[in-house]
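Below: one structure, written as structure tokens.
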């Protein structure tokens with residue numbers, strides 16, 4: 001320990017690590033004790049959860065390192081620091097959604113007196129470049145932030161050597177060893193390929209690729225019924241592309257089914273084609289380069305086929321645990337989902353190793369949840385806090401394509417307990433700016449809002465959200481809920 | 001019996017007499033009233049005819065706007081005979097409109113539609129950054145927009161007439177005037193008069209814009225009453241006033257490409273949080289609206305083609321360029337009421353903008369109208385209760401800076417990043433009461449879709465939202481509203497609130 005103290009300082013640490021690496025990655029690694037290890041906290045995965053945790057711990061004065069690495073997609077797509085949300089999730093998705101909404105607004109503009117020549121063409125290239133540039137600025141922003149907070153960042157692919165040590169490999173194959181008292185696994189997930197379908201891996205793409213395409217995807221088949229599938233199909237339709245969604249059974253499993261069908265109806269009325277009850281069996285590449293997809297209609301039993309420029313698989317996500325060498329650390333995963341098993345303190349089966357975000361079993365796969373979990377974890381580890389994460393009452397938006405802004409009213413449903421004071425249990429809202437509308441009500445529900453309290457709130461007029469405080473008709477009554485105007 | 005009586009009415013001698021629901025008193029008081037001639041007067045009431053034997057209507061409502069129509073439809077639910085008298089006195093320019101009141105015809109609805117037209121102009125510019133091949137400059141056609149807006153309003157007017165008919169509410173397009181107790185005269189626009197009697201009346205006549213009272217104002221100026229149906233483009237416009245009406249109109253006029261100047265006598269948005277008001281003014285200036293501060297117009301005249309500084313003279317081949325958006329005033333002065341909307345005359349009620357000291361908002365009027373009808377005809381006792389509002393400054397809540405933690409932040413809507421628009425202009429602020437568990441007592445937001453964002457928080461505030469609950473709530477991502485779940489910097493600390501992106 002005395003020698004370790006004497007060697008403290010940036011140069012000293014570097015020498016020590018080189019010495020350790022010099023002995024080879026596997027053999028002869030000196031097992032360091034607490035306080036002698038390189039870091040107080042090592043975070044594996046530089047996404048929403050990982051970065052939040054790392055920055056919070058650094059703010060509490062700890063020595064923190066983040067290792068982040070993006071295994072290229074089968075198509076070769078890769079990206080920078082920031083994780084799924086920033087690079088291939090929330091951010092580019094919403095920007096492309098905005099592009100689609102703007103298409104609708106251009107059409108509306110004529111009705112409001114704007115002299116726009118119609119129809120207007122859309123350039124995928126221009127949009128993709130703008131979106132990709134913004135994402136890159138966020139990658140940069142995150143790197144600067146880590147630097148400012150004195151968090152060490154390594155762009156290396158990590159795997160466990162033992163429960164306190166991780167081996168990181170750079171793109172060029174160089175290896176480093178990193179040890180830490182505490183480790184947080186926040187590697188998230190990646191899209192699943194249906195490898196049992198012939199041609200799926202070779203010819204299809206996923207959400208990992210769509211946002212980074214330089215050329216337009218053209219006529220696209222989206223396979224899947226998740227919000228990822230519907231959101232992508234939505235904005236593709238909105239920018240004018242021929243889009244089909246193939247769904248095996250029901251749309252948006254896990255969401256309120258009445259709202260889900262309203263979503264798909266809306267999308268269909270705006271030009272997205274749906275193939276319900278169908279499963280693809282084969283994807284072939286034609287001589288000219290287009291893709292021929294064959295599928296089976298489960299109700300009729302018949303086979304059908306069509307040609308597309310792009311096939312986008314949106315059939316679920318798998319946790320990034322396969323290449324971590326978890327057995328070396330003793331961390332257990334769920335046999336069904338492969339996700340890491342955690343308790344209410346986000347601890348894995350190994351006491352000083354934690355897991356947060358999409359990679360953890362039983363957690364909602366949402367950025368704000370991961371961020372909050374990361375921060376609270378850092379506070380519990382280093383900040384004398386005992387606060388646990390509350391995973392209940394989390395609201396999530398599911399964008400489904402351009403919605404027209406109308407003064408008349410959206411679909412709203414509020415679910416309340418029957419017995420007085422009729423506490424509000426849930427709120428569903430289908431309409432423009434659904435996320436903006438719902439956030440405040442989420443707060444209200446957290447505060448134990450009752451139906452009466454919501455009804456006594458004066459509406460802000462004219463907005464769509466005021467419909468929530470005007471809900472008078474119950475489903476049970478059977479009355480017509482259509483609103484006819486101001 | 002005398003003891004029982006004295007319990008019910010603090011009177012000692014019998015009989016206790018009531019005339020027209022007003023207690024005169026016991027035998028002694030009656031005699032005195034008769035001797036003084038007061039009793040006769042009471043029975044006669046303004047020298048008009050006697051009280052009608054029976055009433056034509058249970059309820060006559062004067063004013064077919066947000067409040068009046070809500071009350072009419074509610075009262076009709078209880079099988080009451082209801083009549084609505086609605087009449088629009090033309091503006092100096094001659095503008096008039098149909099059933100529905102201010103909100104529908106010359107307020108909320110056309111305002112938001114024209115605001116939307118302005119937003120779409122911005123969307124057209126943004127869309128180029130998102131890959132849409134739109135021309136760089138797109139012209140706007142005022143007449144096309146106004147026609148579309150008026151068509152929509154027309155459909156709403158029609159919808160109201162149908163709704164009233166379906167609920168068996170009688171509607172007359174006539175000007176109502178009281179002519180005696182329980183009697184009203186209705187004059188239509190051809191001058192034909194009819195007299196109706198009713199057990200109760202509801203005044204919901206609202207307000208009209210005020211003119212400046214300077215030479216030339218009525219001849220050459222317009223108001224919000226005229227703007228939304230103006231048959232020609234207003235062109236280079238001067239908006240006089242600093243109310244939300246002035247700023248909203250100036251905002252959308254600039255947004256559709258017009259040259260707009262706002263003349264403000266002193267401060268913007270009196271009664272609103274001045275921090276927010278100033279931010280709004282700055283934002284408008286940055287987007288091309290000119291402001292002339294601490295000036296008042298003294299004269300308006302028509303001129304061939306020169307613009308002179310000292311006296312306001314306005315160029316115009318057409319009539320209109322000057323817009324007056326000063327505060328409003330009721331037709332006959334505002335009406336004070338009890339907390340049950342009753343005037344000093346027991347059978348006459350009043351709701352909506354015509355009331356003294358009440359918030360001038362459609363949803364408030366609607367709620368008031370509905371609740372009143374329920375109290376009158378359905379045995380309810382519920383009164384209007386208001387929640388804290390966005391627009392109330394912390395001053396009015398009686399909270400001094402020492403007792404409040406004000407958390408704030410700028411935010412940048414994701415949609416504005418690609419067109420690189422307005423970074424660190426949107427602003428979020430909550431005011432928390434230190435002495436009460438940091439309860440959120442004030443909520444302010446400056447940004448797109450502010451109304452949509454605020455509604456839910458209004459409900460939450462009503463439920464006693466605290467800062468801790470705000471902090472413990474997971475944000476919805478990526479939306480503007482989530483900024484409220486991550487506020488950490490207080491105003492007092494002076495810390496930086498500039499945002500750098502997700």
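Backbone N, Cα and C define each Cβ position, glycine as well.
Take the NAD(+) site that TrEMBL assigns to A:224, A:225, A:226, A:227, A:228, A:229, A:230, A:231: the candidate from A:141, A:289, A:301, A:316 listed for it is A:316. Counting Cβ atoms from all protein chains shown, residue A:228 (NAD(+) binding site) has 23 others lying within 10 Å of its own Cβ. Highest local Cβ density among the disulfide-bonded residues A:85, A:90 belongs to A:85, counted as other Cβ atoms within 10 Å over all protein chains shown.
Proximity to chain B (Cβ-Cβ under 8 A) holds for A:90, A:461 out of the recorded positions A:90, A:358, A:461.
DSSP assigns residue A:461 (active site, proton acceptor) to coil, not to a helix or a strand. The 10 Å shell around the Cβ of residue A:230 (NAD(+) binding site) contains 25 further Cβ atoms across the protein chains shown. Cα of residue A:85 (disulfide bond) to Cα of residue A:94 (FAD binding site): a distance of 10 Å.
Between the CA atoms of residue A:90 (disulfide bond) and residue A:228 (NAD(+) binding site) there is a gap of 10 Å.
For the pair residue A:228 (NAD(+) binding site) and residue A:94 (FAD binding site), the C-alpha distance works out to 11 angstrom. Within the set of binding-site residues (A:224, A:316), the lowest number of other Cβ atoms found within 10 Å of a Cβ is recorded at A:316.
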